[in-house]
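Novice: Got these off TrEMBL a minute ago, pasting:
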DOMAIN    4-101  domain 'PH'
REGION    104-137  region 'Disordered'
COMPBIAS  117-137  compositional bias 'Polar residues'
REGION    416-439  region 'Disordered'
COMPBIAS  424-433  compositional bias 'Polar residues'
REGION    637-658  region 'Disordered'
Amino acid sequence: SDHMENICGYLMKYTNLVTGWQYRYFVLNNDAGLLEYFVNEQSRHLKPRGTLQLAGAVISPSDEDSHTFTVNAASGEQYKLRATDAKERQHWVSRLQICTQHHTEAIGKNNPPLKSRSFSLASQGSANSPGVQRRPSQNAVSFFNVGHHRLPTGKRVPIMQPDHLVDVREMMSQAEGQQRDLIRSIECLPASGHLTSLDQDLLMLKATSMATMNCLNDCFHILQLQHASQQKGSLPAGTTVSWLEPKISLANHFKNGAAQNFPAEISKPASVREEQSIAEPCQLTREPEEINPDEELEDICDDKEDDLGAVEEQRSVILHLLSQLKLGMDLTRVVLPTFILEKRSLLEMYADFMSHPELFIAITNGSSAEERMIRFVEYYLTSFHEGRKGAIAKKPYNPIIGETFHCSWRMPKSNVATDGGTGSSAHTPSEQVTLPKDPEGQAEQDYYTVKFVAEQVSHHPPVSGFYAECVERSMCVNAHVWTKSKFLGMSIGVTMVGEGVLHLLEHGEEYTFSLPCAYARSILTVPWVELGGKVNINCAKTGYSASINFHTKPFYGGKLHRVTGEVKQNMTNTVVCRVQGEWNSVLEFTYNNGDTKNVDLTKLSVTRKRVRPLEKQGPFESRRLWQHVTESLRDGDIDKATEHKRALEERQRNEERLRAETETPWCTKYFLKDGDGWVYHKPLWKTVCAAQTQQTDSN
């Protein structure tokens, strides 16, 4: 291809904090798939100062400016480079990407089977590659002593009968154990020397063995489905089927969330066995549970996600993961490393959007439809800042189906803005109100209570429903969100598909709204969160609407986290309020009479949510469900956290497969399907309507 020409030229290379940036002469060798650099052009005939293999590498422009880009090799080595201008950067990036793609595809097409390969990298690397020093006989089979078992010749393999599935499961369990031992042996190799854990052949061996076990598990699943279809409708009581775990009683699984009678696995910690099993059936009823707010205590957890250490230490893991992904790939089913997780579930993150209940309650206190729409926009824009825990972009736990989260807030009535007049006086800055430290000691009539419940109503696609209400002010909000994540190179994009509706029953108004997209940027360096996209808020009854734009940082210059919006009266097409600023810093509201108001989110008071203690929570409530993962992350034990997380996810997969076998639909606990959305089973608008009807009948 004419795009595969060798190119060369000067680039700035970042060395370290002391030395900084230095000019170096770079050469792209397309034939060998190498990026080499020299001190200067005159020393090009000498040995290069550094060489990167481009096969399996990731080339990405930086978010910092229009000149910088990075080359991340599959080995974990990284070059941070800077061109003289944006045009030159694009030239280098495009040529490097073409060369990388060519050599990466060549490896997949041309590599012979592993059993006939030595570990020499002489054909792929330079003459001084460590692989040249290896013995030709030192291959994967001899090094790890992996044997192949063959059947005696002359013996015919009997046809597999359904009752032989138990034997197959045992053999697969042994194979899975051997595969884990193989992976462990590779990962225990030193980081340097003649044979390392990052050797390309060993990485290929890890990936191949894992793919083989996944394929075998899929085949075994098909056999089980065939067995179940043959036995369908004629299962005697007490019949058992061997699954991906020890025997599970089918009778206990016809009800969602019923007990799993797994035999104790001595080799696993008790907490892991607890996650793979479930508590007694009486605790797991799918009947809605009324949570008493008086049982909830002020939350004392404060898990800020500012620790980057684990991310930096695991950069090679991230590189290996990125090498398996393609642009635009759906990440819904991709298992991400545990060390990038936040210490909370996604359901709890939705609850943290309600951390300013005084602004939420104040919406219904607006004296006019215009005032109420503006107050809703103010509440909406201030909710995202507290929803993020710290500056580092980390991912909340993916809720398992049936998981729930409950909490509430108590807000002194004196802290909630009341009716306003016109102009700026109608918009008293709510951040100037100081919250008392202990609202629990107040009389009941002195505070409002906002109750919140969330539930994971679907696994594929992953859909969450959440609902919040303030009975005293006759207002509630109901929403459902489907999170769709995609790989975007050096970023991950999450689209929040769904809709929310705020009901102000006192005024008979409904406000529909959507959520912006979220992006995790610079995932190889210091990951950070950015919101983007346009959202709309509409009230059909009043004719007021709001259009809000979350601006992503442009390629050239521009500010981070910028947001703009306007509130409009649709009938007259009149803009009554404009807003601009940053959604995590300062917002400026400008009204049609010329008055302005600034809201500093960093100074806005945060009301701690109230949560029941762990011992009073049900086994499917978020904090109790994920408690061992959270404790391990707090202790910095990533391996242990991964083990607990895997146990929960495996249990969910097993139950999902069994429900598919028995054609047993999943029954939600708090939310009901309503068209394309989900609605809380006992929303306030139904309760109020029923009460009004009853009162009318009695009169």
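A Cβ is built for glycine as well, from the same backbone N, Cα and C atoms used for every other residue.
Here the structure is a predicted model, which means the values were calculated and not measured.
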Novice: Where DSSP helix means H, G or I and strand means E or B, what are the helix, strand and coil counts for the domain 'PH' (4-101)?
Specialist: 22 helix, 40 strand, 36 coil
Novice: Which residue counts does DSSP yield for the region 'Disordered' (637-658) in the helix, strand and coil classes, in that order?
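Specialist: Helix, strand, coil within the region 'Disordered' (637-658): 21 helix, 0 strand, 1 coil.
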Novice: To what whole number does the mean pLDDT across the domain 'PH' (4-101) round?
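Specialist: It averages 87.
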